[in-house]
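Asks: This is the structure, below, for whatever I ask next.
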Amino acid sequence: YQYPLMFGLILAFCWCSLVCCSRIYMGMHSILDVIAGFLYAILILVVFHPVVDLIDNFNLTYKYAPLIIISLHLALGIFSFTLDTWSTSRGDTAQILGCGAGVACGSHVNYMMGLQLDPPPHTLPLSLSSLTVTVFGKAILRLLIGVIVLLLTKIAMKKATIPLACKIFHIPHNDVRKARQRMEVELPYRYITYGMVGFSLMFIVPCLFHFIGLS
């Protein structure tokens, strides 16, 4: 979409500042952690930005991309879980990896089925449409339906994965909070649950919108 450059810069600066300050305020990270994370993010951007299109094209078009994506993200999750004892950051890592894998796989399925293709290059940049009552109402309805579907997906997968993992690895699940701190439970729970949330976000919810005429 075409929008003023200054607006984009201000929005990015405010969002970045709020995220960094909230981490310090909540006591989750120190100032040094935030600075290191910010610099690390810039390094990742510099390294991966030139090859983003190649990675995106691979994820969308390669036949076995979902298998590679799932395997790679799962391997990264297992590696991160062996670094230290349990912590909230470990669970967050598995959650992010699962969500990323789900989004990538959902995008792949969309492409293979010919759904939600990118607009032709000659139509870019898109101009922002005028905000009407109808457009606003549809946006709110899409938001509510989308959030409900994602929440139901999360609840259903959580109810299924935790008891199943406990049963497979013979871990007592009377105390769910304690059981979730075990790698054998938390990794599949986080990875599968948020993988399905990411997949629903990219494929199931848009298909639902198309079916009920909210696309």
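Cβ from N, Cα, C; glycine included.
Owing to the predicted nature of the structure, the values given are computational and were not obtained by experimental measurement.
Copied straight from TrEMBL:
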type	residues	note
TRANSMEM	6-25	transmembrane segment
DOMAIN	9-52	domain 'Phosphatidic acid phosphatase type 2/haloperoxidase'
TRANSMEM	32-52	transmembrane segment
TRANSMEM	64-83	transmembrane segment
TRANSMEM	95-113	transmembrane segment
TRANSMEM	133-152	transmembrane segment
TRANSMEM	191-212	transmembrane segment
Asks: Helix, strand, coil residue numbers for the domain 'Phosphatidic acid phosphatase type 2/haloperoxidase' (9-52) per DSSP?
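Replies: Its residues fall into 39 helix, 0 strand, 5 coil.
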Asks: Mind pulling out the one from 64-83, 95-113, 133-152 with the most Cβ pairs under 8 angstroms to the transmembrane segment (191-212)?
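Replies: Looking at each of 64-83, 95-113, 133-152 in turn, the most contacts to the transmembrane segment (191-212) are made by 95-113.
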Asks: Where else in the chain does the transmembrane segment (95-113) make close Cβ contacts, counting only residues six or more beyond its ends and a cut-off under 8 Å?
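Replies: That would be 59-61, 65-66, 69-70, 73-74, 76-77, 190-204, 206.
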